[in-house]
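The next block holds one structure in the form of structure tokens; read it before the comments.
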Amino acid sequence: MELFYYLVFGGLSAVVAALELGKSGKDRVATPTAFNSFKNNYVLVYSLMMSGDWLQGPYVYYLYSQYGFDKGDIGRLFIAGFGSSMLFGTIVGSLADKQGRKRACVTYCITYILSCITKHSPQYRILMVGRVLGGIATSLLFSAFESWLVAEHNKRGFDPQWLSITFSKAIFLGNGLVAIVAGLFANLLADNLGLGPVAPFDAAACFLAIGMAIILSSWGENYGDASDGKDLIAQFKVAAKAIASDEKIALLGAIQSLFEGSMYTFVFLWTPALSPNHEDIPHGFIFATFMLSSMLGSSIASRLLARKLKVEGYMQIVFSISAFTLFLPVVTNFLVPSSEKGSSISFGGSLQLLGFCIFESCVGIFWPSIMKMRSQYIPEEARSTIMNFFRIPLNLFVCVVLYNVNAFPITVMFGMCSIFLFIAAILQRRLMVVSDLHRTTKAAEMTAEDVPLNP
């Protein structure tokens with residue numbers, strides 16, 4: 001493997017270590033023991049849940065191909081997963097608000113374990129069922145856990161500002177360190193120990209079972225609107241009304257869909273972008289480098305949030321940088337000559353790799369920041385429902401991309417993502433303006449109420 005990859009990985013490692021070890025008093029918030037115990041419990045559970053997800057990622061496509069399915073068959077399996085998340089996400093989100101978020105988190109564990117079990121079968125129909133179950137589980141993973149955390153945090157009377165501490169730590173470990181270790185562990189099981197591509201899925205099921213045991217033994221239940229008078233349709237109406245009546249929630253949903261849609265598209269495109277002529281690149285090592293970049297971003301986010309910088313302000317810069325990094329493949333395609341087939345990564349590929357690392361750092365900043373904004377703007381009574389409403393356009397977009405992935409040149413796809421991210425930056429600017437106006441109006445009303453009327 002070329003020295004270039006080691007230099008990038010080593011440089012990122014040094015920066016992450018320097019940021020974590022060099023935190024000053026301004027970057028740390030003194031919190032009581034009760035909150036620290038609560039935070040550590042959630043971070044442990046979240047890390048176990050994410051390990052169950054990350055262990056599967058590197059070997060899903062490979063397992064399907066080992067069963068003899070072609071690219072078209074595998075593409076339909078992936079579309080089934082995203083389509084399932086789109087169709088059933090709002091339903092499971094509403095059930096989480098009404099029946100309980102802890103119960104929804106346990107349901108996630110059971111559903112994903114069943115999905116892992118289906119990977120033992122080479123039958124296409126059973127694998128399709130597994131993808132549908134996986135799509136439902138994904139909707140729960142990205143809504144129920146966060147909804148439980150926010151409600152439980154507020155119920156215990158902790159400072160709302162401390163939520164950002166939990167978000168940052170969970171993303172740093174769950175979406176960074178755990179992802180790197182899970183990828184290496186999956187490689188150890190499947191390749192080094194010769195257990196085959198199903199082994200990582202069995203390991204994922206074990207980690208999910210451990211996490212479920214911790215949830216059952218240590219988590220309390222909380223709800224959105226659990227009133228008996230509201231059925232599923234009524235929950236949908238409450239969520240839809242909240243989005244339609246509050247511009248801040250609508251803007252937040254649009255921003256999330258644009259960024260995450262671009263992010264998931266990037267997941268499918270980075271490999272052909274770095275090796276357009278089948279250059280020899282270390283996929284696993286590059287994936288670990290991306291996850292390290294994400295850790296860097298979450299470390300930066302924790303500093304920004306600890307210093308109480310306005311999220312709506314700095315995220316405009318993050319989205320703009322993201323738009324530029326995903327436009328790099330378009331630029332290098334025209335300005336930098338490609339390398340020969342089968343050779344090492346080209347100069348253009350090296351530039352793109354650096355740009356993609358910056359993009360992954362932006363992803364690391366995005367997660368705790370969007371969680372912080374959701375905790376501020378989304379009403380508690382329909383939190384899970386609204387969060388899954390946000391995922392409908394995201395999943396629809398990814399399904400369309402997957403279905404037409406061979407219909408457009410890769411530069412067109414990256415250009416489209418870059419435009420979406422630039423629009424997200426504009427919408428983020430609008431969200432800041434609306435939010436500031438709302439705060440100013442509310443402050444003026446409170447001041448007017450405090451001033452006594454003249455006789």
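Cβ coordinates come from backbone N, Cα and C, glycine included.
TrEMBL does not curate its annotations; it predicts them automatically.
Positions annotated as transmembrane segment by TrEMBL: 6-22 (among others).
Sequence-distant contacts of the transmembrane segment (43-62), counting only residues of its own chain at least 6 positions beyond either end whose CB sits under 8 Å from a CB of the stretch, comprise 74, 105, 108-109, 112, 116, 138, 141, 145, 166, 169-170, 173-175, 178-179, 181-183, 185-187, 190, 197, 200-201, 203-205, 207-208, 210-211, 214-215, 219, 284, 287. Annotated transmembrane segment per TrEMBL: 43-62 (among others), in sequence order.
Listed by sequence, the residues of this chain that lie at least six past the ends of the transmembrane segment (74-96) yet keep a Cβ under 8 A from its Cβ atoms are 61, 64-65, 103-104, 107, 127-128, 131-136, 138-140, 143-144, 147, 224, 232, 235-236, 239, 382, 384-389, 391-392, 395-396, 398-399, 402-403, 405. The feature transmembrane segment is assigned by TrEMBL to 74-96 (among others).
Look at TrEMBL and you will find 128-150 (among others) tagged as transmembrane segment.
Positions annotated as transmembrane segment by TrEMBL: 170-189 (among others).
Per TrEMBL, the feature transmembrane segment maps to 201-220 (among others).
For 284-305 (among others), the entry in TrEMBL reads transmembrane segment.
What TrEMBL lists as transmembrane segment is 317-335 (among others).
The transmembrane segment feature in TrEMBL is assigned to 347-367 (among others).
Counting residues 6+ beyond its ends, the transmembrane segment (388-404) has Cβ neighbours under 8 Å at 75, 78-79, 82-83, 85-86, 89-90, 92-94, 139, 142-143, 239-240, 243, 252-253, 256-257, 260-261, 264-265, 268, 413 in the same chain. For 388-404 (among others), the entry in TrEMBL reads transmembrane segment.
TrEMBL lists 410-427 (among others) with the feature transmembrane segment.
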Worksheet item: What stretch of 284-305, 317-335, 410-427 shows the most Cβ pairs under 8 Å to the transmembrane segment (347-367)?
Response: 284-305
Practice prompt. Given the cut-off of 8 Å on Cβ pairs that are 6 or more apart in sequence, determine whether the transmembrane segment (170-189) and the transmembrane segment (317-335) share at least 3 such pairs.
Written response: no
